[in-house]
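Q: Following this message is one structure expressed as structure tokens.
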Amino acid sequence: MNDSAHIDYARYDHIRPLLWTGDALELLDQRKLPFEVAHVRCDSSDAVAEAIHSLAVRGAPAIGIAAGWGVVLAARDIAADDGSAALQKLEPALLRLNAARPTAVNLAWALMRMRRVLGAAGADWREVIAREAQAIADEDLAANRHMGALGAALIAPGSGVLTHCNTGSLATAGFGTALGVIRAGMAQQRIAKVFAGETRPWLQGARLTVWELHQDGIDATLIADSAASHLMKSGLVQWVIVGADRICANGDTANKIGTYQLAIAARHHGVKFMVVAPSSTVDMATASGDQIEIEQRDPGELFGVGGVRTVADGIHAWNPVFDVTPGDLIDAIVTERGVIAQPDLARMQAAFGS
């Protein structure tokens, strides 16, 4: 069986959702996939904030990376003698970037990193923040590849897996979190079958995940979100593998809406449940999922598909885009720092501090 050192990254890691050109941030427009490969060029921090809010770029790690480059773009509009002075002038732009998606902790984490290096920088503060933005991206890619190996090692050869939303290269600097585990598991011949839920209402599973896997030559089977419990009952999957937008001190995990019901069904059917996310997603300052702000998006997103209305006029809709899975329904949280089995407050504190 191949180990992680023998993963063919040229095959399994060639999609990139973000490209810093030196002049602008170019984003692969994920709203148009899979039928059109187009890019959004962001020349300002406000353009980056709008791209994050409108889901042109999405996925917790990817929006954190985008925000870092957004700070670099905002710096072009100000003059300052040192980083501390620059930080005061940049704070409004940082606040606008942070408000673009409130649930994902990576966004606030990346902006805090930029604040920290700015506050300590001297006259070379522009170079300092550019290096930090690049470091955020580079560290994410390295973390994803390491998490892929750690997560794959938990999976018995011949297993079937189910994933939700999109947690691949499109959601990160590359390779992916949960999808990185799946890529590594396929390369190591541990995973025999991959299923992906469609993930209403934005269909990230149908539009993005199966498209990504197809690019890698991985045969993935798409299911309706409502078919997941029946799939688990059939015995075709042994693991549900998902990403995260925020992981609390007690292991409670916010992720794409529909994750919670997958965890409930998995526990009922004896299917293991794995969360894969970089340590930047861990928020030890938030005690439990009850304290997480859940983003509510336009109810109109539920009224149709692809711009075609499927719901009668006058209908109301409720559209939370994340839910919280209790830590006691999670078998393993995988980060680049290691695997936390049966996460709870004590195990999370041992791994990440208090």
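Using N, Cα and C of the backbone, Cβ positions are placed for all residues, glycine too.
From Swiss-Prot, for reference:
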type: ACT_SITE; residues: D245; note: active site, proton donor
type: BINDING; residues: R58, G59, A60, R101, Q204, N255, K256; note: substrate binding site
type: SITE; residues: C165; note: site 'Transition state stabilizer'
Q: Roughly how many angstrom lie between the C-alpha atoms of Q204 (substrate binding site) and D245 (active site, proton donor)?
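A: With distance taken Cα to Cα, D245 (active site, proton donor) is 15 Å from Q204 (substrate binding site).
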Q: Provide the three-state secondary structure of N255 (substrate binding site) computed with DSSP.
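A: The residue in question, N255 (substrate binding site), is strand (DSSP, three-state).
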Q: May I ask for the distance between C165 (site 'Transition state stabilizer') and R101 (substrate binding site), taken between their Cα atoms and rounded to an integer number of Å?
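A: Rounded to a whole number, the Cα-Cα distance is 17 Å.
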Q: Cα-Cα, whole number of Å: N255 (substrate binding site) versus D245 (active site, proton donor)?
A: 5
Q: Around C165 (site 'Transition state stabilizer'), how many other CB atoms lie within 10 A of its CB?
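A: Its Cβ shell of radius 10 Å holds 29 other Cβ atoms.
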Q: Quick check for the class: what is the C-alpha distance, in angstrom and rounded, between K256 (substrate binding site) and the residue listed as 'active site, proton donor'?
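A: About 8 Å separates the two Cα atoms.
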Q: I'm trying to understand the geometry here, so how far is the Cα atom of G59 (substrate binding site) from the Cα atom of the residue listed as 'active site, proton donor', in Å to the nearest whole number?
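A: So the Cα of the residue listed as 'active site, proton donor' lies 8 Å away from that of G59 (substrate binding site).
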Q: Can you check which residue among the binding-site residues Q204, N255 has the largest number of Cβ atoms within 10 Å of its own?
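A: It comes out as N255.
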